[in-house]
Amino acid sequence: MQAKDSDPPDGGYGWVVVVSAFMVMGLTAAVLKTFGLFFVEIQQHFDELASTTSWITSVTIVVFHLGAPVASSLCVQYTHRTVVITGGLLAFSGMALGFFGLNMVWLYATTGFLQGLGISFSWTPAISIVSHYFSKKRALANAIASAGECAFAFMFGPLFQWLIGQYGWKGALLIIGGIQLNICVCGVLMRPLASSCFLEASHCETETSPGNGASRTDKEDQSPITPKTFNWMLVRQPEFVLYAIFGILAAMSFFVPPLFLVPLSYSLGIDESWTASLLSILAMVDFGGRLLCGWYANLHITKTIHLLAMAITLISTSLMLLPLANNYLSLAIFTGFYGFFFGTTVAIHITVLVDVVGMPEFDSALGLFMLIRSTGGFVGPPLAGLIVDMAGDYRAGFYMAGAILVLSAGFLIILDRLQQRKIRGSKIRIKPEKSTLPYPSLHILKHQTRRYREHNVVV
């Protein structure tokens, strides 16, 4: 394949793709992030326990993670554009069918399973195709695209609250589903590159640009491209296992605060309009945390795993202090601290994964990491809901999340110690090798010894 075909444009139409991915991030992840506004409405409508209602979010999260490898493999067989459009239709179907609200099982299957699959099929290809359109400016392009989650979450907080007040939670679901149909429009704009080797889901693919009729593959090179195999053996590496455990524990905690923040504010007697603004504050400081931490990590002043451990510790501290709030102002301050440090974690946790496994194994590691991490997102919200039911107080969910994050930081410390020990061990093993000189160096040493002896004889 010619280099000129596979080199990304690093601009031009790529910026249209970035804007499309920005929209997709907002119409998928931001919807999931602000779904907590529906929690109390659905719970009161069906008169269910908090743990039962929490399963809606849990199903969405786990399907989102488990569907990512499937979405990647479909991108190989078809195109990113096709998968994103399919994801938009699935997301709309989940919300539109959830409008009927027959029972909790129905919501599990619609706003849970279908919505989660739609988010997975939209989010995964959108993130992937941006990386293929950019090389030198890839970090900037990915940062802009991922910022769509925060920007839309900032707007969706008051919008969803208004929709629920005007049309009820069922009508709001239907309208939000209609808004998510714009994912299909964004998918249409994600034009495939003329010819590229996409390492998505550990496969290689060649896409044809529209109107060309065939890909511009070098006709002289008729040898097939050997796809990179998925390395399942990463689960035997202690470093990856430790980081995966961290991911499970972190996922168990991260989805709890957005879910119970709104019910906690209601229990404090805070007005609904002010409550919706909490989610907007959360999104705004999350956005700032991502940009600031990404900039700081790029300076290489602090080791990324140390930076991540510090961020996790500060998040857990924020969650432990948040239940102490007794009015809107104090709740908004603690929510802001949590959102900022959450953004710092999101900005660098993938970078740490690269440091743990190395770039050659990154594709396999990312897929495995998402699969393993999904168990935390699946168990976390129901477990927090069960604790809330037992304690009779929404504060208990935040204490649980903070305690689990402290435990997850411990695994990061163990991982860092293990890495440092291996580095020291490798240095010790290298030292004996230096004493065994290669033949050219041995020859030079013998020559210098001979000259030294001759010199002594003369003297």
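Yeah, the Cβs are placed from backbone N, Cα and C, and that goes for glycine too.
Given the structure is predicted, the values throughout are model-derived calculations rather than measurements.
TrEMBL lists 12-35 (among others) with the feature transmembrane segment.
According to TrEMBL, the feature domain 'Major facilitator superfamily (MFS) profile' maps to 14-420.
What TrEMBL lists as transmembrane segment is 55-76 (among others).
Per TrEMBL, the feature transmembrane segment maps to 83-107 (among others). Here the transmembrane segment (83-107) has Cβ contacts under 8 Å with residues 24, 27-28, 31, 42, 45-46, 48, 52-53, 55-56, 71, 74-75, 113-126, 169-171, 173-174, 176-178, 180-184, 186-188, 190 of the same chain, all six or more residues outside its ends.
TrEMBL lists 113-134 (among others) with the feature transmembrane segment.
Within the chain, the transmembrane segment (141-165) has long-range Cβ neighbours (under 8 A, six or more residues past its boundaries) at 14, 18, 21-27, 29-31, 33-34, 37-38, 41, 126-127, 130-131, 133-134, 171-172, 175-176, 272-273, 275-280, 282-284, 286-287, 290-291, 294, 343, 346. If you look up TrEMBL, you'll see 141-165 (among others) marked as transmembrane segment.
If one looks beyond the transmembrane segment (171-190) by at least 6 residues along the same chain, the residues whose Cβ comes under 8 Å of a Cβ in the stretch are 16-17, 19-21, 23-24, 27-28, 31, 38, 80-85, 87-89, 91-96, 98-99, 101, 111, 118, 122, 125-126, 129, 160, 163-164. What TrEMBL records for 171-190 (among others) is transmembrane segment.
Among the features that TrEMBL reports, transmembrane segment is placed at 240-262 (among others).
A Cβ distance under 8 Å defines the sequence-distant neighbours of the transmembrane segment (274-293), meaning residues of its chain 6+ beyond its ends; these are 30, 33-34, 36-37, 143, 146-147, 149-158, 160-162, 258, 261-262, 265-266, 307, 311, 328, 331-332, 335-344, 346-348. Positions annotated as transmembrane segment by TrEMBL: 274-293 (among others).
The transmembrane segment annotation in TrEMBL covers 305-325 (among others).
Marked as transmembrane segment by TrEMBL: 331-354 (among others).
Marked as transmembrane segment by TrEMBL: 366-384 (among others).
Sequence annotations record features per position, and here TrEMBL assigns transmembrane segment to 396-415 (among others).
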